Each structure stands twice: as C-alpha cells, then as structure tokens.
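Asker: The structure follows.
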Amino acid sequence: MASQSKASLNSNYYHQTCPQAEKIILQTGCDASLLLDSTPGNQAEKDGPPNISVRSFYVIDDAKAKLEMACPRTVSCADIIGIAARDVVTMSGGPYWNVLKGRKDGRVSRANETINLPAPTFNVSQLIQSFAKRGLGVKELVALSGGHTLGFSHCSSFESRLRNFTSLHDVDPSMNNEFAQKLRKKCPKPNRDRTAGELLDSTSSTFDNDYYKHVVAGKGVFGSDQALFSDYRTRWIVESFAEDQSLFFKEFAASMVKLGKVGVIEDGEVRLNCRVVN
C-alpha cells in the first residue's frame with residue numbers, strides 16, 4: 001500500500017451516476033486487490049498469511065452483482081469495501097463516517113505484497129514506521145488498532161508468545177499469566193485444529209472500546225497489540241481510549257477517513273467481477 005495520493009475523492013462521488021449505491025451495499029480494506037482469486041501462476045493477496053482468515057468475500061461479491069445490475073461499470077470494488085467496512089462498524093454499535101469514494105480497483109494482486117502489512121509481532125517502533133510510510137501518525141496507529149474489537153486470530157499469529165518466548169521467559173512477560181494459560185490450552189503443541197484461535201476482545205460482535213481495556217489488563221492477543229501499552233509513545237492513547245469510548249469512536253472515524261486516502265490508484269479500473277481483473 002502506497003502513501004497518500006492526491007487523486008480526487010469525494011463522499012458524493014456516485015451522487016449522479018449511482019445514487020442508490022450505498023443503500024444497495026447496506027442491504028446486502030483498499031484497492032480491492034484483496035478480492036482477486038489466486039491463479040496457477042500467481043498466489044493472490046487474500047491467500048497470503050496475514051489475510052488467510054478473511055473469508056467473507058461473498059458479501060462483496062453479492063453487493064457487486066447487484067450494483068452491476070443497477071449501475072453497470074460504475075462502482076469500484078475498492079469503494080464497495082470501504083462502504084461495507086463502515087456499515088459493519090456502524091451496525092455493530094460503532095461510529096459512522098462519510099466514506100470518500102472514487103477509488104479505482106488494482107489490476108494485480110500478489111500474496112507477497114502482504115509483507116507490507118504490519119505484522120502481529122511488530123514492536124511500536126516498527127508499527128510507527130509502517131504507518132508513517134502511509135502518511136499515518138501515532139494517533140491513527142492506536143485508533144485503527146481498535147478495529148481489532150471485531151477481530152479473531154488463529155493460533156499461528158500469537159503462539160510464539162506462549163512458548164519459548166526468550167531464553168529467560170517461556171511466556172511473553174507482558175501477557176497476563178492467567179490469560180496466557182488460557183491461550184496455551186486453546187493452542188496446544190502439536191495443534192491439529194487449524195481453526196483454533198482467540199477473539200481479540202470479549203465483545204467480538206460489538207464495536208466498542210473493550211479491546212483497549214483488554215490491552216491495559218495485559219490481555220492483548222497479538223504482540224503488536226500489547227506493545228501499544230508497553231511503550232510510552234502509545235500507552236497514554238490506549239489508556240485514553242480505554243477510559244473514553246466516545247473519544248475512541250471520534251478518532252477511529254477520523255482515522256478511517258484518512259486511511260481511505262492512502263494508496264489511491266491513478267490508473268486503475270472498475271472491475272466487473274471483484275475476483276478478477278477485467
């Protein structure tokens with residue numbers, strides 16, 4: 001994903017060409033390269049390790065099919081993702097924001113490009129650097145991490161924290177001990193259950209600030225989550241969001257608008273099928 005683009009985006013982009021677009025999406029992340037299927041010669045981005053559990057692609061497919069019937073060759077898959085993400089947050093009790101639209105779809109998707117995503121093992125310096133490359137600051141880093149309130153992780157993304165962490169500590173010392181033992185039971189060695197994992201907070205179907213409360217309590221699932229509380233540069237923001245949900249909602253919405261300006265493709269396309277390029 002590239003840094004912020006100067007391409008023209010507008011919350012009313014489809015006002016004339018497809019005014020019912022958002023309603024259609026409501027009733028059924030961001031250049032839509034995540035949606036492309038793998039081919040014999042290319043493993044697609046959605047099949048790369050960081051995205052291996054992102055499986056609700058059929059929702060986007062359904063929305064795209066209905067939009068093609070109503071407004072052919074008009075609404076991009078990238079914009080569908082942005083609008084659908086906002087709707088999921090809002091319907092789960094979270095904030096609403098006006099999605100900037102007019103993004104085009106990428107013409108290629110490669111699994112190795114997922115290495116550009118922040119890893120669940122990153123420390124705060126690595127996270128700050130990763131977000132800075134996209135024109136996003138520390139506040140956006142912490143606010144967008146709050147999206148994990150609706151998240152789930154397979155064991156593979158955090159099991160390194162549970163055993164043989166360092167020569168001095170078997171378990172990551174930043175993790176609540178009782179919580180660590182719970183995760184060790186869910187993720188045994190060897191683990192034959194490929195679906196095993198953990199919700200990233202205790203209210204997984206509700207968009208709230210519970211994620212931050214978990215991090216403050218030493219119950220962040222990812223090392224990168226818990227690192228936000230361990231580092232002075234981000235700890236105060238985590239504490240602020242844990243104490244004030246309305247503040248978190250405000251900053252999350254603003255950060256999502258800013259994120260929507262990142263990596264805008266100048267020479268993209270409007271796909272007819274989100275899974276394949278035209």
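Counting starts with 1 at the first residue shown.
Cβ coordinates come from backbone N, Cα and C, glycine included.
Quantities reported herein were computed from a predicted structural model and do not represent experimental measurements.
Sharing the features that TrEMBL gives for it:
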- 29-278: domain 'Plant heme peroxidase family profile' (DOMAIN)
- Gly29, Asp31, Ser33, Glu45: Ca(2+) 1 binding site (BINDING)
- Cys77-Cys274: disulfide bond (DISULFID)
- Pro118: substrate binding site (BINDING)
- His148: heme b binding site (BINDING)
- Thr149, Thr203, Asp208: Ca(2+) 2 binding site (BINDING)
- Cys155-Cys187: disulfide bond (DISULFID)
Asker: Between the Cα atoms of Pro118 (substrate binding site) and Thr203 (Ca(2+) 2 binding site), find the distance and write it as a whole number of Å.
Answerer: 24
Asker: For the recorded Ca(2+) 2 site, enumerate neighbouring residues of the same chain (Cβ within 8 Å of the Cβ centroid of Thr149, Thr203, Asp208, site residues themselves excluded), in sequence order.
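Answerer: Result: Gly93, Leu150, Asp201, Ser202, Ser204, Thr206, Phe207, Asn209, Asp210, Tyr211.
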Asker: Take the Cβ of Cys155 (disulfide bond) and count every other Cβ within 10 Å, whichever protein chain it belongs to.
Answerer: 21
Asker: Taking only the recorded positions Cys77, His148, Cys155, Cys187, Cys274, which one has a CA atom nearest to the CA atom of Asp208 (Ca(2+) 2 binding site)?
Answerer: His148
Asker: Around His148 (heme b binding site), how many other C-beta atoms are within 10 angstroms of its C-beta?
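Answerer: Total other Cβ atoms inside 10 Å, all chains included: 23.
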Asker: Where Cys187 (disulfide bond) and His148 (heme b binding site) are concerned, what is their Cα separation in Å, rounded?
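Answerer: If we compare the Cα positions of Cys187 (disulfide bond) and His148 (heme b binding site), the gap is 20 Å.
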Asker: Express the distance between the Cα positions of Cys155 (disulfide bond) and Thr203 (Ca(2+) 2 binding site) as a whole number of Å.
Answerer: 19
Asker: Pick out which of the disulfide-bonded residues Cys77, Cys187, Cys274 has the most other Cβ atoms within 10 Å of its own Cβ.
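Answerer: When each Cβ's neighbours within 10 Å are tallied, Cys77 leads.
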Asker: If you draw a 10 Å sphere around the Cβ of Pro118 (substrate binding site), how many other Cβ atoms fall inside it, taking every protein chain shown into account?
Answerer: 19
Asker: In Å, rounded, how far does the Cα of Cys77 (disulfide bond) sit from the Cα of His148 (heme b binding site)?
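Answerer: That separation, Cα to Cα, works out to 23 Å.
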Asker: Please give me the CB contact count at 10 A for Thr149 (Ca(2+) 2 binding site), counting all chains in the structure.
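Answerer: Within a 10 Å radius of the Cβ of Thr149 (Ca(2+) 2 binding site) lie 27 other Cβ atoms.
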Asker: Please report the Cα separation of Thr203 (Ca(2+) 2 binding site) and His148 (heme b binding site) in Å, rounded to an integer.
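Answerer: Counting only the Cα atoms, the answer is 11 Å.
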